[in-house]
Structures are given as structure tokens and as C-alpha cells.
């Protein structure tokens, strides 16, 4: 039984952690002018950073190490770059938080102190990532205990525990809770110390739902023998029959706590069984499909590509803050197509911002630098830089110069084998390359056959997006007729932006490397009028769809509609949380999160005719039935800060896919229990195009008077679902994990025909 103080046990031999516990005065930097000294220290639990102003009396703040995603060394944020002349990089570092919380930029007094914090934080983050499920749960319980232990004496009486349970979303029978409290109070002091509280909590959260399954398969009701476990894995979890004995042995080895004699007997106790079900192997997402499992050697246009719109924005399109951080965050989320809007800037330097609006401005060269540093951190596959170019020829030359000098050989400058290609290279062949998407003088054929026509005749539209921005009740047409510089044109190889006439025109005249962009409304019109034509067009060429310019709040359209047409580059505002980004995260959570997903074969073959409106008219049509029993929920987060309120949760399962598959169903809601609600409600769906379907689980807090509050969600491709008894580890609105919140479900998929 591990208690709350074990997390820090390796600190004694670690000088960095020791010096963090002693504490350090560092400068917190918010801008060139806002630089204030703060005292930072790591708490004894090695899980919380505490800091306070040197002046401001008793006011202090804390944050949890688990909120920090990564540590960046040196001048790796705009704020620190802005003071680079004042503080050397070896004293500067940035703590990057999960989700949409802003970074914390710090400057230490010496390079050694900075290193202590950089190495110490990295070690703590790594420790957390290596924790097992049961340690994570202990950790979570301990954090709650500390929050509620107001006088820090490490013990709590029953009254305090009752308040704590409310905070943890538990509304329970007082008599029952008091009996468990007495049992857990081993020291018989009338209070629980941290270890005793963990014990109390675990008795409180005994999983009747899991016990029921365990007893169904256990021969003696006490343990699962090797044969019992094999039967469970084969008949319920539908694991492959051949390897089932081997798998059962491995699961016992991995999840059975060794302090019980069960492991010796090659059997599994209820504790081991619960740990297996709560692990990645017991999750609804098939582990095999989380790694890179798809063929990456097909032409680029055969893949859906994770794509961002207005990547430089951190908020909305009118007044939002433009930031290089937008690019870093998108790239770290696996995005493979980012967008820059370039305008003539002062001092001959092109700037990036949303034209004709009050969004702040950043330098084009800073964006290119961020691309160089972050493009291939999470995926080696190519990044497309989609340019909306409003610059004059002079600053276009500067753009080309920055692309060449900063990116060097990462920038793709010519076709791969020097020959005139007839189709796209593959993501595999383009690994480590950045492709510029923009206007081009002539085509790939001419650029190999000597000089192109003189520059004077190259008047044309240099920008591609024909959106109107509604602003101050005036409309600005976004078209700019101006000349294109040969230097910038030469940087464009496989992604030449062209104006779209019609599918028929494209079929006859277009080259494979010509790419058109549509606003969402134009794309919808094409989908309505010629869905099968749209799909066919995308077997040959790339298409990009982006949000309407009227979405001044940077909201998103539903990407699923566009994926149904085989559109590869569906550009979303990554900075805006919601169902649309959940779907994007869901689709791209498979295949090693590399940002490329192979389209279904019926969307890659030009001889096939797939129409998303009539999915049953295709070769190989095999509809499936999906049956989900929603059994229970665990430790759902509180949505209402009021201490007295507890959620009334219900679960909605949504299917997103071709129009015929769009569906949603809900369980009933459970009164006042976010802690361990139990439903046993069964929801059934028919899926006509399983290869395109995504399944989204949403938990909401039922409210009969007003809108239901969002509690958590999880979205995954239908094709990645594991059947049987599975846990779903819920995510927040931002798509970050909220342990230990989960759902327990049973899934069955059967053929309908």
C-alpha cells in the first residue's frame, strides 16, 4: 500500500531536486517591460511548485508538475526572444503547460540555477510519465488530501473528510462512509493520516461492476486461473485465439500485484484484473493502431493530413493575439499543414497577421524559425506551409530568402528524382521536408526546361483565399492582383495553388500538383451537387478546405463532412476547443499521431465511384452493427465550483461519418453521483461506412433548467475500437487527460449482412 510521501523518495540523491526544494529567486517575464522577481520552490511532495512575490505579503500561487507538458531551454518563446539582448540564453527557460494555458517564462540568476530547474523539472515530468495506473491513482488521491488538509497537519477528521468527498464529486450515505472511516482508522486516533485516507478511498471505490464480471469468469469466485483468464480474453475481449495463452501469462506478469500469492499460481486476483482493465491494454483504443501501422509509401494525396487554419492566432480572428507559439503548439499536436498570412511589414521585413483586423503582428522569419525548430519533433513526415501572400515583389524576395537560409535543405526545392513526375511522392519519400504551397509561375514541366516568361507578365492573384472579412460593417475583398517574384515561385514544387473552375475542367486540364482551396460553404455546395465527382477529384489532386471568413470568433466547421469527400487538407482553428477539434484529434490519434492517415481504398482508386450520400452503392459494402453497453463512470470531474454541488451525469455516444451514419444516443442521467455512477444502459447503431466513422463519447451534467455542462469526452476512429469490457479514459475540453476520470463499457461489433 503506497502512501502520499513515496513520490519523492529518489530526491535524496538528486542535487537538482534538493536545490528546487530549498527554492530559488527567479525573474518571471511577461513582456520586455514586465519582469518581476518571484521566489519559486518545489514542495516536499515533489508534485507542486509554490511561488510568491518578494513583496506582496502572504499572497502565493501554486501549480502541479502534472500540468507542465515540457521545459524549453534558452530563448524559445517570443517573450524571451524579446529580451534576448538583456539575458543570455543559458539563464532562460520556459515551462509549457498542457491545454490552452499560457507559458511561464523564467530567468534564473545563473546558468547553474537554470540547469537545476530545467533538469529537475524534466526528471519530475519523466517520473510522472512512467507511473503505473495504480500509482497515478494514489497520486491523485493524495493531491485531493493535500488540498483539503487546510492546517497541513497530515490528518483529517470525519467532518473534514465529508467536505473533501463533496469536493471530489462524491455524494454518499453518511452512515456507510462513517463505517468505512472507522475501519480505515487503523491508528484509532479518530483521524485519518494520508495512508489511511488512501485505504478509506479505495474501500469507498470498490468496483462492484468489475467484481461482477470477475465472478462470472472465476471458477472459485476468488481468482481467475490461467484457464479462466484465457476464456475471458477469448470469449469476451475477442483477442486472437492463437496468442491467447501467451497473452494471459503476460497480463498476469504485468498486472498482478506481486505481494499476493496469486502470481505464483499463474492466476489473477480482482486487484490485478482491475489494473489490467484500467491499463492501455484494457482501453477501448487498440494499442496496435496507436503506433505507426499504415502504409506510408502511397502518393501524398491518398492521405488525410492534419491541418491548421490561421495558425498564428491564439484567440479569435478580429482581435486575437498573433504568436509564434500558435505554430509550436499546432506542430506539437501533430499538425502537418500550417498557414501564414504574409503582408508587407516595416524595415523590409514581411509580417504575419490576419489582414484588415486588429490582430497583433509577428515577423515571417520568426515563423520560419519555429518551423525549423519544431516541424519534425513529433512526426518525421512532411509539413506543408500554406502561404496567403499579400506582399509586394520586394518582400516576396525576402520571404524566399528566409525560407532558403533558415530552412536550408529541409525546404523542398525540386522534384525528388529530378524527373517530371506524373503523381505525388509519398510521405515516406518526403520525410523531413517542408513543402511550400502557393502560387507558381508556370508548372513543374517548364521549371525543368529552362527560363520562364519574363517577370513583367506575371501579374495574377498571389493570394488564394477569396474570403471576405466582415469588419466594422465594411467588407474587404481579399483578392490582391500583383506580381509574383520568381524567387518565391521557385520555392513551390508539388503544391501549386490554382483557382478552381469545375471538376470536369480539372479532370481534363489540371496537373496532379495543382491544389485548390475552398471555403467551407463552397465545399458544401460541391458536395451537394456532385459528391462522387468531388471524391474522384481527390483521388488525383489535393484539396484544401478552410473556415468561412465570417467565423470571426474562430469557431470551426465539422471536418467530417469534408473528409467524407476525400478532402485531404481540412484546415481547422486549432486554438478553438470543441467537438470539431475533438473529431480532428480523434482521427489523427491513430497511426503514431504522425499527422497522416491513409484514406480508405474506395477513396484512393480513380476507377471506383464512391458517393458519400449512398455508401451502400459501393463494391465491398459491409454494414456493421455497433452495440455499446455503458456500464459505469469513475471519478468524473466536478464542473460546478460550488462545494455543495455534485454532477448528475449521463453519457451520449455520437457517431460521426457519412450522412447515413450520423447518429447519437444517450443513457439516462444519474442523480447526484459523479463519483461512481452506474447505468448498464445499452445503445445500438448501424454503421454503413465504418472506414470513415468516428465514435465520440461525451459525459454531461444533466440540468433541467439550463444547458447541460460538459464533463469530459473521448473520440476515436471506429476502426480502432477494441471489443469486450473496456475503459475509456476521458479528456477535457482542450483534449488533455483528466485522470482518473473514466467510463467502463462493453462493446460488440457484428456483421449485419
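A Cβ is built for glycine as well, from the same backbone N, Cα and C atoms used for every other residue.
Curation plays no part in TrEMBL annotations; they are all automatic predictions.
Residues or ranges marked as domain 'PH' by TrEMBL: 18-126.
Outside the domain 'EF-hand' (136-171), and at least 6 residues removed from its termini, the chain residues within Cβ reach (under 8 Å) are 2-4, 7, 45, 47-48, 64, 128, 177-178, 181, 189-194, 197-198, 200-201, 204, 635-638, 643-644, 646-647, 672-675, 739-740. Under the heading domain 'EF-hand', TrEMBL lists 136-171 (among others).
The domain 'EF-hand' annotation in TrEMBL covers 172-207 (among others). In terms of DSSP secondary structure, the domain 'EF-hand' (172-207) contains 22 helix, 2 strand, 12 coil.
Annotation comment: TrEMBL describes 488-604 as domain 'PI-PLC Y-box'. Per-residue pLDDT, averaged along the domain 'PI-PLC Y-box' (488-604), amounts to 96 for this model.
Summarising the annotation, TrEMBL assigns domain 'C2' to 604-732.
Mapped onto DSSP classes, the domain 'C2' (604-732) shows 12 helix, 59 strand, 58 coil.
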